[in-house]
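According to TrEMBL, the protein carries these features:
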ACT_SITE  164  active site
ACT_SITE  238  active site, proton donor
ACT_SITE  333  active site
DOMAIN    16-188  domain 'FAD-binding PCMH-type'
Ligand SMILES: Cc1cc2nc3c(=O)[nH]c(=O)nc-3n(C[C@H](O)[C@H](O)[C@H](O)COP(=O)(O)OP(=O)(O)OC[C@H]3O[C@@H](n4cnc5c(N)ncnc54)[C@H](O)[C@@H]3O)c2cc1C
């Protein structure tokens, strides 16, 4: 591995913003981290970890050294009648790992099929879709401390998973390189198809007791029909989190906006950010260079590969419009760098 200077990252981020890394190191083997870390230390450069680039907004110039996590490998650590424990390298492609786990006959990850990005990034925002979240299947995370270069382990509890959230976005934000994620997957589990879009698909296709493979295929079909393929239309999936409201906040809003959709959560309720954005008229603004997707108002698209500045300006317009109309501040999901 050699550290390279002034590397173009436009092809390494799915929003396709023009971006150059001052320094760049592809990590293909475990030993590559030590060499890159030494380089950063010698040159006193900050470190930034990049996976599949599907949840970042990259500015034109990224100072410091970008560590591109590309390490591959899967190892079964433990198998018994009810579960399997498998360690997966952080640079593995998430969807390929899910596909492999389902084809082994294991259950659990079927609802999370086709989420772009790497295994190492999955714990960062506790990726979730169709009523499931990855955190429940993670046993532990093996990482490197970017400050000291030392290895450490975090148990599931220490990861403090929440809705699109974890300790990696809070106390340990940008402090670690996740090298390996250890999953504990059930051998048999009834898939959860309670999420409305999934339930509707199963009903429509006569899937009465769907297997994990049926659900995996259903999720592929639904996602492909709804979400733009970032390889063709640059995007980072949902650009904002769904706001989480207390019951009192929800009740106050429902007085003004009785048609506001809402879903009960453990504490309070969640409202769909897509609905709020659409209600502010953003779906009709289809001639803007950066805009929301015509079928999904939560997905900001960047077809002309505009800069991060243009994307951020458009996102700020959405935030102000939603704040003004509904009094809700939408929280951006992808991380800003540079
Ligand atoms: C079309 C589309 C659909 C999507 N759908 C969903 C969805 O349904 N649910 C969902 O939760 N997300 C979704 N996403 C967002 C994205 O796919 C996930 O957040 C994914 O986990 C990001 O992985 P990545 O490897 O691309 O991370 P990157 O974008 O490279 O990085 C994201 C963050 O994680 C950090 N990071 C990445 N790898 C590591 C590592 N090994 N160690 C430490 N830090 C790391 C980065 O520094 C950065 O802060 C979608 C994105 C797209 C484009």
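Quick reminder: no glycine exception, Cβ is built from N, Cα and C everywhere.
Positions of the features from TrEMBL, shown on the structure.
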| residue | record | CB count, 10 Å |
| --- | --- | --- |
| 164 | active site | 19 |
| 238 | active site, proton donor | 20 |
| 333 | active site | 17 |
**Study point:** Per-residue pLDDT averaged over the domain 'FAD-binding PCMH-type' (16-188), given as an integer
**Key:** 97
**Study point:** Residue pair residue 164 (active site), residue 333 (active site) - Cα distance, angstrom, rounded
**Key:** 8
Check your understanding: Rounded to an integer, what is the Cα-Cα distance in Å between residue 238 (active site, proton donor) and residue 333 (active site)?
Key -> 7
Exercise for review: Give the helix, strand or coil assignment DSSP yields for the residue listed as 'active site, proton donor'.
Suggested key: strand
